[in-house]
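Structure first, commentary second.
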Amino acid sequence: METASFQASFLLSPAHRSSVSTATPHGLAFCGLHKNLLSVKTTCAKVGSHSLTTQNPGKSSSWRVMASGSSNNGTPSSFDYDVIIIGAGVGGHGAALHAVEKGLKTAIIEGDVVGGTCVNRGCVPSKALLAVSGRMRELQDEHHLKALGIKVAEAGYERQAVADHANNLALRIRGNLTNSMKALGVDILTGVGTLLGPQTVKYGKVGFTDKTVTAKNIIIATGSVPFVPPGIEIDGKTVFTSDHALKLEWVPDWIAIVGSGYIGLEFSDVYTALGSEVTFIEALDTLMPGFDPEITKLAQRVLINTRKIDYHIGVLAKKITPAKDGKPVQIELVDTKTKEPKGTLEVDAALIATGRAPFTKGLGLENVNVVTQRGFISVDDRMRVIDANGELVPSLFCIGDANGKMMLAHAASAQGISVIEQISGSDNVLNHLSVPAACFTHPEISMVGLTEPQARQKAEEEGFEVSVAKTSFKANTKALAENEGEGLAKLIYRPDTGEVLGVHIFGLHAADLIHEASNAIAMGTSIQEIKFAVHAHPTLSEVLDELFKSAKVGEHSPVSVKAEPVAV
Ligand SMILES: Cc1cc2nc3c(=O)[nH]c(=O)nc-3n(C[C@H](O)[C@H](O)[C@H](O)COP(=O)(O)OP(=O)(O)OC[C@H]3O[C@@H](n4cnc5c(N)ncnc54)[C@H](O)[C@@H]3O)c2cc1C
Ligand SMILES: NC(=O)c1ccc[n+]([C@@H]2O[C@H](COP(=O)([O-])OP(=O)(O)OC[C@H]3O[C@@H](n4cnc5c(N)ncnc54)[C@H](O)[C@@H]3O)[C@@H](O)[C@H]2O)c1
């Protein structure tokens, strides 16, 4: 693609996470447990005298005393609710529904609209845009269509209709979420919530008198907002974040995407299918740095190299000025490590996809002696909030993006369910290594557990061997019938025990295929067991069947790589 207005040559230089995080002072771009499973350690909080006394063995609200009082130590002696959740995103919604199922009297406080990021500005509208980009891509791929014997007239799209599809879907899902909570008797309280104590929260709308409510347990689920590094000026028109991009107000001819993580990659799929040329600016020394390196390599070959995408790695977007007075968007670049200037890029638009920042300001955390870590609320592995002294705050939990453990919708919801289980009296710890993640490009990328480098590091520390097995989509009948044989599934496992350490998939419907592997990790199913599971023929699920069958457990073979099979 044309890069004429790019005024200096780029020298690729090695970059390290540490050096990047100094360049993005809050370090917020690199949050998310799925990228750093080995480096995130469970924080061992000092358990104070009161810290484990918060569980509510009772199930129903029969013990609830209607009027709130206050005991000698300042905590209420009776409560309005069994559980109050602050934030009605997917995390809060998941917790609320499970709380009702457990018979707990539940309220949820929302300061904006129900559904939070995922429904209104995240997963839902982005997947609507990606549904369009998938079809556009297929209809524009003459070679692919010809192989199937199909002829179509030139494919086109109506921008506003595509944008409406995304917006209407968000509205519909928001309605579903609201109705599901109302139908089950969850009280939806409108206004911004502020903690007054671990069991007391005030909420209210601007211009109205605040109300105060109490609960035996409070769950913070306040989510996150786009992180914009200092020096980048957002005008919402030519320099914008995903919040604006999802509205698809225009399709720029040339757009720079700063950050090649989930958001950057998914939007590159959308924009290129709709006719834009894309330039990635990535601070680290590789595109898609969070994924397993082998998957990254293949994904780069298919998702980047064959499209109208170029990229600059090992550079930071130091300053971005929106288009004005007839001048295009200006992006000043510096070397990530040395901070030496690396030229200026001039483009029509820039999407800033450099991570997300927790939304925890104004929550009244000072009233419960909690100090955030770059905005994130520290929790233990049961999502119990840890205070400034390292002690657990009684009755207070934090789930979802606000704790930064794993910034995914289903992780937020699963953490919420886990908390409700705990306050209902059954101990429950979510195994984050079993939580899958997926990037909804065409084809998709999915993963669960450890990447190969993470597994090898763990193996070295703990003294065990690691094996790797792989299967190609080229041997799968269904994939070939669809003319979609480009794909790889990779299994990382212990050859001595048959434990699944990680699975990574790139290929058609990878996001759906990953669940067999994530369930295996969650249930502790060994490869010896799972390899006897029967899969319907012909289905894509046979890719995983092949993968598990090709693993060599108990045979002491450190690397078992299945030869590329002959297509059938
Ligand atoms: C473009 C994009 C695409 C994404 N795609 C996916 C995807 O495909 N799959 C996936 O798993 N994840 C995806 N994510 C990530 C996902 O959206 C988040 O991980 C998820 O929304 C986090 O849920 P949450 O409940 O923690 O917070 P949120 O969804 O952010 O919800 C928090 C809620 O709390 C409210 N709130 C905040 N403070 C207060 C307060 N003091 N009082 C009252 N209310 C308050 C907010 O208004 C908001 O409604 C995507 C994100 C983006 C940006
Ligand atoms: N399909 C999904 O599940 C999905 C989709 C979208 C978003 N999300 C979630 O949303 C979160 C945010 O996504 P994201 O893509 O913004 O973050 P990300 O952490 O996935 O990627 C950010 C990228 O930006 C780079 N970067 C940071 N600062 C930079 C700078 N100044 N210049 C150049 N590059 C820079 C980082 O190296 C990194 O590669 C993720 O944690 C993800 O979990 C999930």
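For all residues, glycine too, the Cβ spot is worked out from N, Cα and C.
Among the candidates Asp187, Asp401, the residue that TrEMBL names alongside Lys127, Gly193, Thr222, Gly223, Ser224, Met407, Leu408, Ala409, His410 for the FAD site is Asp401. The NAD(+) site recorded in TrEMBL includes Gly259, Ser260, Gly261, Tyr262, Ile263, Gly264, Leu265, Glu266, Glu282, and the single candidate from Gly185, Gly191, Gly355, Gly362 that the record places there is Gly355. Cross-referencing Cys44, Cys118 with TrEMBL gives Cys118 as the cysteine bonded to Cys123, criterion being a recorded disulfide. In this structure, Gly261, Met407 are the binding-site residues from Lys127, Gly261, Met407 whose C-beta falls under 6 Å of some atom of ligand 2. Of all Cβ atoms in the shown protein chains, 23 besides its own fall within 10 Å of the Cβ of Gly261 (NAD(+) binding site). Among the recorded positions Cys118, Cys123, Leu265, the ones whose Cα sits within 10 Å of the Cα of Ala409 (FAD binding site) are Cys118, Cys123.
Close contacts with ligand 1, defined as a Cβ under 6 Å from any of its atoms, occur at Met407, Ala409 among the binding-site residues Gly261, Glu282, Met407, Ala409. Each residue contributes its Cα atom, and for Leu265 (NAD(+) binding site) and Cys118 (disulfide bond) those atoms are 17 Å apart. Each of the binding-site residues Thr222, Ser224 was scored by the other Cβ atoms within 10 Å of its Cβ; the lowest score goes to Ser224. The Cα atom of Glu282 (NAD(+) binding site) lies nearest to that of Met407, taking the recorded positions Cys118, Lys127, Thr222, Met407, His537 as the candidates.
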